[in-house]
Amino acid sequence: MAGSDTAPFLSQADDPDDGPASGHPGLSGPLGNPKSGEHEIPDREGLQRITGLSQGHSTLIVAVLCYINLLNYMDRFTVAGVLPDIEQFFSIGDSSSGLIQTVFISSYMVLAPVFGYLGDRYNRKYLMCGGIAFWSLVTLGSSFIPRERFWLLLLTRGLVGVGEASYSTIAPTLIADLFVADQRSRMLSVFYFAIPVGSGLGYIAGSKVKDVAGDWHWALRVTPGLGVVAVLLLFLVVQEPPRGAVERHSGSPPLSPTSWWADLKALARNPSFVLSSLGFTAVAFVTGSLALWAPAFLLRSRVVLGETLPCLPGDSCSSSDSLIFGLITCLTGVLGVGLGVEISRRLRRFNPRADPLVCAAGLLGSAPFLFLSLACARGSIVATYIFIFIGETLLSMNWAIVADILLYVVIPTRRSTAEAFQIVLSHLLGDAGSPYLIGLISDRLRRSWPASFLSEFRALQFSLMLCAFVGALGGAAFLGTAMFIEDDRRRAQLHMQGLLHETGPSDDRIVVPQRGRSTRVPVSSVLI
């Protein structure tokens, strides 16, 4: 630690005569230097010295990670782009169709903690290489399944979760170890652009490749070839940076990994992590439902409006809705992620709680527009698309900000574990079950009405309205996050500087110099 131990930088709570605190340049808020008030940020040369990588190389690594993230989501939503054809090929209903996505997400959710544990302790580059190679092989195999083996399609879609779990829990922590502060936020926004853009490309690739090849199976054979390229790029370009080094002071010792159980207890005691994860769960519920069911809903809407012919057994389902919805998803994703990061960056200068407040505004604002898009579908498909555009833009404001919140309220040695358990929670209560739940409600409603194309449309319309209400609940969770975000961020900073030692939920203390000796002070006395 820089400076003399005889000059206290924190005033004792029970000794007001010591005079004002001199501050510490690396801590923000009341624990830091009142004049600087910000975390000490390494310059470009400092980052290069710490990571061993040039600015250009670090940016290239983010570009590779972004490409793979885009590829992951492109593969995930290619199935949604050809879902009506899959239903016809395997002769399945809405609930079985929803099960395709549910099985994949469930596998992904179960495997995420495993790769989170490994990612905090072993070489992240090789974990990602192995997972993506396996994912590419399984995805290719799923395109050769005969029509009487629907269960085999479910199995292969479940195994695809191995590749996504190995990547999604680890890649954000690599970015966190390459950049800090606003640079990190910008790089995360670029990384998370790939989610909506990749999702949109999945719809587009699925529908267009099917049209060109005349067979929906070929839509599932695009991403495996691109996956081989991804593995080569990972192996040749990506290098492993030291964990947490860019956030430590030069005199601070490196953080050592704690036990898995200790990590879980610490995360459970972190209200900002828990509440933001619940908010993100609502985002996952809504996006998972829309991702699978929106193209099918839009097709049924056109049938009811008399703008297109129904999809009959034995025929190829011809509709432009997957293409249009894919383009909307790409555009709203880029617009929403960029808008959310920029608004948050500007508001952060005046309000340290800006991140969760922007997330709350995005979710609460999207709910009425998504509801209106469903309510207007029987009257005007144009109005439906307009409301979907606005709702998805507001919904996409959350992606990069939620990731940034996790990275600054959780210490580096447990970030992969935190990513993993955020994935488990958001998928367990979010998009693991939401596609199946929407399909199940739709089937139950449809059976209670006379068989008709109008009944099919109304059943799916009413079941999708659940998304608007879940979105409002997610907004409330982010408002709760705003109540704790400042203290949890400061606590993580103290831990990274070696000033906070976790001894239990009721006995967190920091070590401060006081009159030439070290003194342990309850963190509650200074976290005001």
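Backbone N, Cα and C define each Cβ position, glycine as well.
The annotation region 'Disordered' is assigned in TrEMBL to 1-41. TrEMBL lists 61-489 with the feature domain 'Major facilitator superfamily (MFS) profile'. Sequence annotations record features per position, and here TrEMBL assigns transmembrane segment to 99-119, 126-145, 165-181, 188-206, 218-238, 273-294, 323-344, 356-375, 381-411, 423-442, 462-485.
Highest Cβ contact count with the transmembrane segment (218-238) among the listed stretches 126-145, 273-294, 423-442 falls to 126-145 (criterion: pairs under 8 Å). Stretch with the most C-beta contacts under 8 angstroms to the transmembrane segment (188-206), considering only 165-181, 323-344, 381-411, 423-442, 462-485: 323-344. Note on the transmembrane segment (423-442): residues 93-102, 105-106, 108-110, 112-113, 116, 165, 168-169, 277-278, 280-289, 291-293, 459-460, 462-464, 466-467, 470 of its chain, located 6 or more positions outside it, place their CB under 8 angstroms from a CB of the stretch. Mean pLDDT of the predicted structure over the domain 'Major facilitator superfamily (MFS) profile' (61-489): 83.
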